[in-house]
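Let me begin by presenting the structure, written as structure tokens, before commenting on it.
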Amino acid sequence: DSHTPLIPPEESPENGKEQRWMVYFSTLIAICGSYSFGSCAGYSSPTQAAIREDVNLSLPEYSLFGSILTFGAMIGAITSGKIADSSGRRGAMLVSSGFCTAGWLFIYFAQGTVLLDVGRLATGYGMGVFSYVVPVFIAEISPKDLRGALTTLNQLMICTGVSVSFIIGTLLPWRVLALVGIVPCAVLVVGLLFIPESPRWLAKQGRQKEFEASLKKLRGKNADVSSEAAEIQEYVETLERLPKAKILDLFQKRYRRSVTIGVGLMVCQQFGGINGVCFYTSSIFESAGFPANVGTITYAIIQVVITALGATVIDRAGRKPLIIISGAGLILGCLLAASSFYLKEHGEAIGAAPTLAVAGILVYIGAFSVGMGAVPWVIMSEIFPINIKGVAGSTATLVNWFGAWAVSFTFNFLMSWSSYGTFILYAAVNALAIVFVIQLVPETKGKTLEQIQA
């Protein structure tokens, strides 16, 4: 490729790696949003008993409080692309932080269901915007050889946020836990003052001077950014000739492939059963005769450690192999859990059933964390042309949240229909996901965003 020098400027020996500190710092600030997302998601699990007692909620009222988060996130997802395209990636992160902070304050002061639900809806909205804008921002500022690893940090921080909420939620009162949720938002807002806007977004806005300044700031003042700037510029000029994207444009032939991949991966991620397993973890451990709190903490630690491991190998192993390995592990986890429920239902090998259930859940979450958790978000942030990124990214994020809601809503109904059948169903979805990835998903490691489009 004539645009790419053999040694990218940011890696040339005299500049050394130290020139990348601004990319790392900007990523660190952005993933405060991912951490905030995780703490919103993890909030309802450890606080259920205390909130119901203090505010006197019935089980249906608490279920509404728990699940209204996903509706907020769906609304956030629908508007996220528009906000990120009009006010920039930093602007969108600021809006998100504002909604999350307001939501946590409502929850903190709530004396009844109304403020609780409004607060939960607001934090959900913030989550929906974060889930789109954070991976997109990181992908747009990263050098190609770091993009996978840095974008995976988004998922790592979501897992960390959930896990920390699980653990400290057992120690802190629920109102204090809500105040703790404001901390990552505050760090993000302050951090936004010091980090540059996405150079690709600035180029698309035609803000030439700011675009060059942003790229310089990200690559280090001694780095030669001319070839990278030219490549981005040329790509943006090509896009200028294209009409402004609307939702119906996603069905055009030229975008069909990237939209199918982006949306398809979100379907694979959610309909493989992750939210059912997540919501049901402690009761699966209890029914298996395994201490629920030990199980949940083990689950949280495995999730964080394996996601971190995935982040270190994604730019070497590639996106595709990680998802395929992950899918195979998910099938194994589902089959172990299914066999446990089958044995239990038929009164056979009663001693082995609990061990199989716990093993199934831990294999499942380990496998999800290594690939299917993070990689769809990485690919989503890479795969769309910049002119449809807002509309297409919002659509993929909306599909993801709809899947999260559908799976968590149907899980208990499916389990009462057939507990082992539910897991066999999820195993089948994960098998189809592997076929989808092998057939349709391209390998994007080591390519610039412009090369991926070409």
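All residue numbers here begin at 1 and follow the chain in the order shown.
Using the three backbone atoms N, Cα and C, a Cβ is placed for every residue, glycine included.
Database features, via TrEMBL:
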DOMAIN    22-445  domain 'Major facilitator superfamily (MFS) profile'
TRANSMEM  21-44  transmembrane segment
TRANSMEM  64-84  transmembrane segment
TRANSMEM  91-110  transmembrane segment
TRANSMEM  122-141  transmembrane segment
TRANSMEM  153-171  transmembrane segment
TRANSMEM  177-195  transmembrane segment
TRANSMEM  259-282  transmembrane segment
TRANSMEM  294-314  transmembrane segment
TRANSMEM  321-343  transmembrane segment
TRANSMEM  355-379  transmembrane segment
TRANSMEM  391-411  transmembrane segment
TRANSMEM  423-441  transmembrane segment
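Note on the transmembrane segment (64-84): residues 40-41, 44, 48, 51, 57, 91-92, 95-96, 99, 113, 116-117, 120-133, 136, 201, 389-395, 397-398, 400-402, 404-405, 408-409 of its chain, located 6 or more positions outside it, place their CB under 8 angstroms from a CB of the stretch.
Counting only same-chain residues 6+ beyond the ends of the transmembrane segment (423-441), those with a CB under 8 A from a CB of the stretch are 257, 260-261, 264-265, 268, 271-273, 276, 319-320, 323-324, 327-328, 330-331, 334-335, 337-338, 341, 360, 372, 379, 414. Averaged over the domain 'Major facilitator superfamily (MFS) profile' (22-445), the predicted model has a pLDDT of 87. Within the same chain, residues 65-66, 69, 93, 96-97, 100, 103, 120, 123-124, 126-127, 130-131, 133-134, 137-138, 141-143, 146, 150, 153-166, 169, 177-178, 180-181, 184-185, 187-188, 191-192, 194-196, 217-220 sit at least 6 positions outside the transmembrane segment (21-44) and bring their C-beta atoms closer than 8 Å to a C-beta of that stretch. Spatially, the transmembrane segment (259-282) is not adjacent to the transmembrane segment (177-195); fewer than three Cβ-Cβ distances between them are under 8 Å for residues at least 6 apart in sequence. Contact between the transmembrane segment (294-314) and the transmembrane segment (391-411) does not hold: fewer than three of their C-beta pairs are under 8 Å, each pair 6 or more apart in sequence.
Only residues 6 or more beyond the boundaries of the transmembrane segment (122-141), in the same chain, are considered here, and those with a CB under 8 A from a CB of the stretch are 23, 26-27, 30-31, 33-34, 36-37, 40-41, 43, 68-81, 83-84, 89-90, 92-93, 95-100, 102-104, 106-107, 147, 150-151, 153-154, 181, 185, 196, 198-201, 218, 377-378, 380-382, 389, 393-394, 397, 400-401, 449.
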